[in-house]
Amino acid sequence: MSSKPEPKDVHQLNGTGPSASPCSSDGPGREPLAGTSEFLGPDGAGVEVVIESRANAKGVREEDALLENGSQSNESDDVSTDRGPAPPSPLKETSFSIGLQVLFPFLLAGFGTVAAGMVLDIVQHWEVFQKVTEVFILVPALLGLKGNLEMTLASRLSTAANIGHMDTPKELWRMITGNMALIQVQATVVGFLASIAAVVFGWIPDGHFSIPHAFLLCASSVATAFIASLVLGMIMIGVIIGSRKIGINPDNVATPIAASLGDLITLALLSGISWGLYLELNHWRYIYPLVCAFFVALLPVWVVLARRSPATREVLYSGWEPVIIAMAISSVGGLILDKTVSDPNFAGMAVFTPVINGVGGNLVAVQASRISTFLHMNGMPGENSEQAPRRCPSPCTTFFSPDVNSRSARVLFLLVVPGHLVFLYTISCMQGGHTTLTLIFIIFYMTAALLQVLILLYIADWMVHWMWGRGLDPDNFSIPYLTALGDLLGTGLLALSFHVLWLIGDRDTDVGD
């Protein structure tokens with residue numbers, strides 16, 4: 001819709017398309033148009049709206065299925081009594097209200113990443129991790145599902161809740177079943193692919209291949225991905241519904257909670273399932289292919305359920321590209337981590353990597369979800385050129401403009417330093433890692449964290465609008481890329497910080513010992 005109406009432009013109010021009646025406009029300098037219809041304004045007065053007859057031939061695009069149910073209403077001659085509901089207005093938020101709503105989930109997410117690091121420090125000494133070392137390769141791939149699936153689910157459901165597509169029981173049930181079925185399909189497929197990657201990467205270095213170990217990895221990966229997605233999906237649905245009922249913007253709380261629980265639950269499940277299956281390695285080996293076959297056999301059921309919902313049908317067919325590419329990006333970050341911590345001088349980096357990666361991914365996921373919700377409230381993907389700038393925005397526009405998205409970017413950026421100070425202090429109190437929290441270390445660590453989040457927030461501002469302009473729903477496509485970039489930037493900048501610290505002489509007996 002153009003911002004400068006001219007004769008024969010198409011006008012539409014509240015997503016309603018009433019039938020046109022022949023009439024001509026008597027406004028000054030305006031030629032007769034195809035037809036007009038009357039609407040009731042906010043004060044009850046009649047408002048005459050000009051409608052071009054050819055507008056009725058315009059269909060709804062498939063990739064905008066999420067908005068499909070709310071963008072059209074039944075035509076009626078009596079539009080005053082048979083109009084579609086007005087689209088909900090965005091919540092009025094100040095910087096203080098945004099910060100207040102984000103703070104608790106942000107801290108919860110950070111403590112979740114700290115807990116996940118502590119769990120990994122314990123389970124790495126279990127026999128299954130010592131004998132089947134390829135399980136370590138599964139860790140970053142399965143933890144990446146948090147950004148690829150759960151956080152995308154949280155963003156998608158938050159947008160649906162904010163634009164009124166979960167207000168009735170029928171809409172709510174359809175949205176829940178479709179999205180839960182969708183993430184089960186994605187989790188099963190990604191879990192299977194992750195196990196194949198683990199087998200290949202474990203075989204390449206020494207040329208050793210074990211069929212029982214391969215089945216163990218496949219069963220552990222698929223079962224972990226399936227159960228983790230099921231549990232986290234149910235939690236996300238409860239959080240979003242509860243947030244909407246008490247007047248909190250779900251965009252501010254859903255994605256951080258998904259992140260906080262995602263790492264911990266996924267890592268705990270992977271450790272427990274792989275350990276339990278490993279105990280049966282020498283007795284019931286046939287249980288491994290049976291577990292794999294069971295979850296694969298459920299795929300057709302989830303596909304049928306996901307196809308029934310317009311909100312997930314398009315994602316089922318086109319939502320695989322970001323998931324696969326995000327795994328590749330995260331793998332590069334994993335390669336940096338592997339090469340860095342394998343050097344005894346930098347072994348202390350391991351405990352901080354989940355924290356810096358998790359915090360950056362959580363903050364950018366909140367911002368991406370908020371921008372996507374704002375765009376959905378103002379139109380449909382690909383149809384509003386004003387919402388999709390052709391060029392990259394300037395940093396001043398991203399962080400210092402008066403609009404609500406710039407305000408939220410400033411709030412999220414200001415949370416980085418106090419949040420990381422709390423998490424570093426927690427790690428120190430729990431005696432995690434091998435690094436003394438000296439002043440110079442904290443300065444380098446904070447510099448890396450601030451630079452990571454600054455880059456991510458800027459990329460999110462550009463990427464979400466760019467995807468919107470190309471007709472892609474940012475809820476489905478942006479967050480996997482952004483969280484994967486967060487892993488890559490966080491790991492790379494942290495590794496660079498440790499190398500610089502070593503070069504300038506910060507080599508006390510604790511750093512990297």
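Cβ atoms here come from the backbone N, Cα and C positions, even for glycine.
According to Swiss-Prot, the features are:
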- 1-11: compositional bias 'Basic and acidic residues' (COMPBIAS)
- 13-24: compositional bias 'Polar residues' (COMPBIAS)
- 1-42: region 'Disordered' (REGION)
- 60-91: region 'Disordered' (REGION)
- 102-122: transmembrane segment (TRANSMEM)
- 185-205: transmembrane segment (TRANSMEM)
- 222-242: transmembrane segment (TRANSMEM)
- 257-277: transmembrane segment (TRANSMEM)
- 286-306: transmembrane segment (TRANSMEM)
- 316-336: transmembrane segment (TRANSMEM)
- 346-366: transmembrane segment (TRANSMEM)
- 411-431: transmembrane segment (TRANSMEM)
- 439-459: transmembrane segment (TRANSMEM)
- 484-504: transmembrane segment (TRANSMEM)
Please give the sequence-distant neighbours of the transmembrane segment (222-242): residues at least 6 beyond its ends with Cβ less than 8 Å from one of its Cβ atoms. 138, 142, 145-146, 149-150, 153-154, 157-158, 161, 166, 172, 176, 179-180, 183-184, 186-188, 190-192, 194-195, 250, 253-254, 257-258, 261-262, 265-266, 269-270, 273-274, 291-292, 295-296
What stretch in 257-277, 286-306, 316-336, 346-366 has the biggest tally of Cβ pairs under 8 Å against the transmembrane segment (439-459)? 346-366
Look over the recorded stretches 185-205, 257-277, 484-504 and say which has the most C-beta pairs under 8 A to the transmembrane segment (316-336). 484-504
Sequence-remote partners of the transmembrane segment (102-122) [C-beta within less than 8 Å, at least six residues beyond its ends]: 139, 143, 252-253, 256-257, 259-264, 267-268, 271, 350-351, 353-355, 357-359, 362-363, 366, 411-412, 415, 419-420, 422-423, 426-427, 430, 432
For the transmembrane segment (484-504), find every same-chain residue at least 6 residues outside the stretch whose CB is under 8 Å from a CB in it, and list them. 140, 144, 147, 325-327, 329-330, 332-334, 336-337, 340, 345-346, 348-349, 352-353, 356-357, 360-361, 364, 440-441, 444-445, 447-449, 451-452, 455-456, 459, 511-512
Within-chain partners of the transmembrane segment (185-205) [C-beta distance under 8 Å, separation at least 6 from its ends]: 133-135, 137-138, 141-142, 145, 148-149, 213-214, 217-218, 220-226, 228-229, 292, 295-296, 298-299, 302-303, 306, 316, 319-320, 323-324, 327, 331
